[in-house]
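These notes are about the structure you will find just below.
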Amino acid sequence: MKKYIVALDQGTTSSRAIIFDKEQNIIGVSQKEFNQIYPREGWVEHDPMEIWATQYSVLQEVMAKCNITQENIAAIGITNQRETTIVWDKNTGVPIYNAIVWQCRRTADICDDLKERDGLVDYIRENTGLVLDAYFSGTKIKWILDNVEGAREKAEKGELLFGTVDSWLVWKLTNGKVHVTDYTNASRTMIFNIKNLEWDERMLKELDIPRSMLPEVKNSSEIYGYANLGAKGGIRVPIAGIAGDQQAALFGQAAFNKGDVKNTYGTGCFLLMNTGEELVKSKSGLLTTIAIGLHGKVQYALEGSVFVGGAVIQWLRDELRIISDSSDTEYFATKVEDNGGVYVVPAFVGLGAPYWDMYARGTIVGLTRGTNRNHIIRASLESIAYQTRDVLEAMINDVGYDINCIKVDGGASRNNFLMQFQSDLVGKKVIKPIITETTALGAAYLAGLAVGYWSDKEEIAKLWFASEEFEPNISEERRNKYYKKWKKAIERSKEWAIED
C-alpha cells in the first residue's frame, strides 16, 4: 500500500500542504501566505492565480522537503475557505475577475433588494438552510456577472465556469478536465437545495445565474479525477476528498455522532453541531448546512459563523500595534485580574450568527481612565469566547438537548487563557485533540476512505485522542453576570453603519 496522504488546505490567508501517514502523524508541512486585496471599504478579494500558484508550490515543496515522490502518495484531499467565489473562462482557464472572498460585504445592497421579493427570505431559509446574506456565494456570482464587462453574455453562451476554491483547485490540478464540488461546499452557495441535493432552480432564476456555469456536485469522499504531480506521463495521483474547511474540521475531530460539537478558532470562529440525518431548522439565527456527504447520503449540521475570531488578534498586532506577536496576548491578558469592565465587540464586517447584522460595526465599551493595554487585549480575547457562547446557546435552543463538551481546534485554540475562559463562560468541558490540524486531517481522512487507505469511520475514530481538557471553574452567577454585560455591549454595536 502507498504510504501517505496529502491534504491541501487552502485558507483565507495562506495555502498549505500537509503530508500524513496511516497513524495520522504529520510527516511534513509547507505554507505560503498570499495577498489580501481591499479595493474599497468592506470589500475583500484574492487573486485566483496566486491561490493556485501558492497551493501548487507548497505541494511541490512539502514533497521535496520530505523526499516523497508521487509513487508513495495514495491520494490528495482538499479543504478550502468556503463561499469565496471564482468565475473563470472555460476555454482559457483564466479568471475574469479576482476571487470575491467570504468576508466581502459588497453585495449587501443586492441582498437588500432580494429581501423585498415576495417570500424569498423564507424560501432561502427553507431550501438552502442559509440566511439571505452577502457572506454566501450566490450574490457574489451575480455581482461578477453584472459588473464585469461582457461576463453575462459569455455566461449565457456557456463560456464561463463558477467554482468555490475547491472547484478551482480540482480544475487546475486536472488541467481543466474536471469541474466538480462536494455537498459541503455546494451547501454554502445559497443556490443549492439541501433537501433534494440539487442546484436550486428558483435561486438560479432569482439571481440570473446560468446553470451551465455550475460544477457537478459529488460526495465528499470519492475519486473526482487525477493529478499529475511529476513530469508529463508520470504517475497520476487520485484527488479523492473534498470538504469546506469547517466541515473538514468536524470530520477531522471524529465528530461523527448526533450532538457532537466542534469550534474552530481561525480568522473567524465556526461552531458546528452534527445533527445526523435530521435537518434541523434553526429558530435562532443559525445556518442549517451539510456536515458531510458520503455514499450519496448526507449528514446535516447546525452552524454558527462568527466573522471575526482570531482576526481580532491580528487587529491588535497590525492596526493598533499593541502586541508584536499573536502569542503575546496570553501573557498580557493574565497581567490583569479581569477585563476592568471593558468589552470589545469586533464587528468589523458586521455580526454573523445569531445576529446577522450587516450594518453592525466594532465597538469598545466600558472604558475608564484606568483602562490600560492589558484590559483591551484581554477584552479582545474574551470577545471570541462570548461570540462562541452566543452561538452555542442558539444551538442548544434549536435542538432541544444539551451537550457535554466542545472539541476545539484552530490557531487561537493554542491560547490557554482563552480556552479556560471559554470553558468558564459556557460551563462545559473544552477539549483539544492531539492533532490540532483537524481541517487538513479531515480532508486526509476523506481522501483516504475513498481509496481504502483507512477502512471506515470506526477505524478513524480510534485514532482520535485528547491532548488537553479545560473544566469550568467559576460560578454560574459570575458567568451570567459577565454574559449580561456582553449582551449590552452587542446592542451598542448593532446597525451602526446605517445612514440616517
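Just so you know, glycine gets a Cβ as well, placed from its N, Cα and C.
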Thr12, Arg16, Gly310, Gly411, Asn415 show up in Swiss-Prot as binding ADP; which entry in Thr264, Thr267, Thr368 does that record put in the same site?
Thr267
Figure out which of Tyr38, Tyr56, Tyr123, Tyr135 sits with Arg82, Glu83, Asp245, Gln246 in the glycerol site per Swiss-Prot.
Tyr135
To test your reading of the ATP site: which residues beyond Thr12, Thr13, Ser14, Thr267, Gly310, Gln314, Gly411, same chain only, put their Cβ within 8 Å of the Cβ centroid of those residues?
Gly11, Gly266, Ala311
Within 10 Å of the Cβ of Tyr135 (sn-glycerol 3-phosphate binding site), how many other Cβ atoms can you find? Include all protein chains, please.
28
Among the sn-glycerol 3-phosphate-binding set Thr12, Arg82, Glu83, Tyr135, Asp245, as the record gives it, the longest Cα-Cα distance in Å:
15
Around the glycerol site (Arg82, Glu83, Tyr135, Asp245, Gln246), what further same-chain residues have their C-beta within 8 angstroms of the site's C-beta centre?
Gln81, Thr84, Trp102, Arg188, Gly244, Phe270, Ser305
In Å, rounded, how far does the Cα of Asp245 (sn-glycerol 3-phosphate binding site) sit from the Cα of Gly310 (ADP binding site)?
15
So if I measure Cβ to Cβ from Arg82 (sn-glycerol 3-phosphate binding site) and keep only same-chain residues at least 6 apart in sequence, which ones fall under 8 Å?
Trp102, Thr164, Val165, Thr184, Asn185, Arg188, Gly244, Asp245, Gln246
Return the member of Thr13, Ser14, Glu83 nearest to Gly310 (ADP binding site) in space, with distance defined Cα to Cα and candidates limited to these binding-site residues.
Thr13
